[in-house]
Amino acid sequence: MKENHIWYPCTQMKEIDLNPLPNIKKAKGSWLIDKNNNKYLDAISSWWVNLFGHNNPEIKKAINRQLNKFEHIIFSNFTHDPAIKFTDELVKVLPKGLEKVLFSSDGSSAVEMALKLSFQYHKQTNNRQKNKFISITNSYHGETIGALSVGNIDIFTKTYKPLIKQNITIQGPECTNCIYKKNRLNCNAECFENIEKEVQKNHKKISAIIIEPMVQCAAGMKIYNKTYLKKIRDICNQYNINLIADEIAVGFGRTGKMFACEHANISPDIITLSKGITGGFLPLSVTVCTKKIYDAFYDDYEKNKSFLHSHSYSGNPIACAAALETLKIFKNQQILNKINQKSLYMQKQIEQNLNNIPKLKEYRHIGLIHVIEINNKNPRFNYEIHKKALKKGLLIRPIGNNIYFMPPYTIKNEEIDFIIHISSEILKK
Ligand SMILES: Cc1ncc(COP(=O)(O)O)c(C=O)c1O
């Protein structure tokens with residue numbers, strides 16, 4: 001059956017007409033199966049959302065239990081147990097001090113909320129002039145207009161420049177080609193001096209610094225040193241600037257800790273979470289802030305201090321039930337240990353089998369994010385590798401010259417072997 005009506009995300013539709021898409025009829029564990037019975041190993045957890053493999057039985061049961069009660073209710077002036085129980089459990093595992101939870105349905109909306117929240121917090125605490133955000137080069141925080149204003153990946157922002165509010169972009173870490181000639185594993189985040197200079201000069205205008213902790217994923221899984229985060233935390237404290245940690249991609253275990261901020265032992269003022277939050281079953285996101293921020297909105301109705309940001313499906317009970325079950329699985333199945341074991345196994349296999357591929361620039365990894373960066377000048381390299389791998393039953397989606405693996409945490413060792421074997425076959429050519 002030819003599909004004529006869907007406009008796919010981030011896609012030049014002409015290419016779809018030339019290369020029909022696999023139409024998936026079933027998914028289980030690490031595998032997707034299409035209508036022609038081709039199998040694909042999902043080595044990117046379906047855009048980084050699917051944490052425990054497809055069709056996880058526990059999450060399915062939790063969803064069904066909730067479905068048998070009710071599907072959705074208005075979340076303003078009404079509440080329900082799935083949201084209460086989920087937020088209770090979430091706050092227990094979040095970095096210290098994050099305790100007030102706002103709901104939305106996707107990552108970009110959670111970022112929009114974080115920016116508005118920070119701006120309004122300063123406005124309501126007599127710092128009206130704080131209306132700019134700092135982000136760093138290669139940042140990605142989503143594709144709505146507000147989120148683009150703190151993004152710095154040209155392909156997403158360039159076209160929309162006239163629509164986007166001007167914020168402040170600072171040169172961030174470039175660890176693969178460090179100009180200070182340091183190594184990301186033991187540097188002192190010398191590149192932080194760029195933020196430091198800007199903040200010292202303009203702190204009166206700065207509402208928040210927004211950062212992807214430890215890894216800039218959409219920029220090609222750029223990993224940087226934890227000291228960079230510590231220094232950002234310190235300067236934010238010093239100048240009354242909010243620190244927004246965008247853990248939409250790296251939260252929920254991806255870097256080997258429950259939240260990536262834990263590597264630096266810091267707590268942000270606001271955190272944004274989505275993607276793996278429901279184990280990859282349903283769209284849900286949260287923006288969580290400290291009580292200090294919350295208190296600046298808490299007053300008599302007439303004072304007009306409430307936070308006005310709502311979505312029709314805010315706090316969807318089915319999604320909350322899936323998210324609660326996701327947290328239970330983390331606890332009951334010791335998922336963080338599993339991530340670190342799988343990561344070590346993957347590292348060993350990559351070092352043994354992919355270290356001698358031609359044009360290797362760098363192999364880097366953290367938790368279950370493993371990246372092979374290639375020296376290459378062909379702008380279609382990523383698409384070509386994706387297509388070649390797909391023919392051999394492997395779903396990867398390189399970003400630029402970065403071939404990365406971000407599999408479900410439940411991946412089996414023999415499935416890791418398969419990823420490495422197919423990648424090695426393709427890359428050795
Ligand atoms: C760090 C980060 N922030 C925000 C987003 C946007 O999330 P969504 O695609 O759900 O809008 C993403 C998506 O990849 C992300 O990686």
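Just so you know, glycine gets a Cβ as well, placed from its N, Cα and C.
Residues GLY107, SER108, HIS311, SER312 are given by TrEMBL as pyridoxal 5'-phosphate binders; from ASP34, ASP42, ASP154, ASP246, that same site also lists ASP246. By the rule that a residue counts when its Cβ sits under 6 Å from some atom of ligand 1, the binding-site residues GLY107, SER108, ARG397 yield GLY107, SER108. Residues near LYS275 (substrate binding site) in space but far in sequence (CB under 8 A, at least 6 apart, same chain), listed by position: TRP47, TRP48, VAL49, GLY107, ILE248, ALA249, GLY251, PHE252. Non-local contacts of ARG397 (substrate binding site) by the CB criterion (under 8 A, 6+ apart in sequence, same chain) comprise ILE44, ASN382, HIS386. On its own chain, TYR140 (substrate binding site) has GLY151, ASN152, ILE153, PHE156, GLU212, GLN216, CYS217, ALA218, ALA219 as residues at least 6 apart in sequence with a Cβ closer than 8 Å to its own Cβ. On its own chain, ASP246 (pyridoxal 5'-phosphate binding site) has GLY107, VAL111, ALA114, HIS141, ILE210, ILE211, GLU212, PRO213, ILE271, THR272 as residues at least 6 apart in sequence with a Cβ closer than 8 Å to its own Cβ.
Local packing around the binding-site residues SER310, SER312 was summarised as the count of other Cβ atoms within 10 Å of each Cβ; on this measure the leading residue is SER310.
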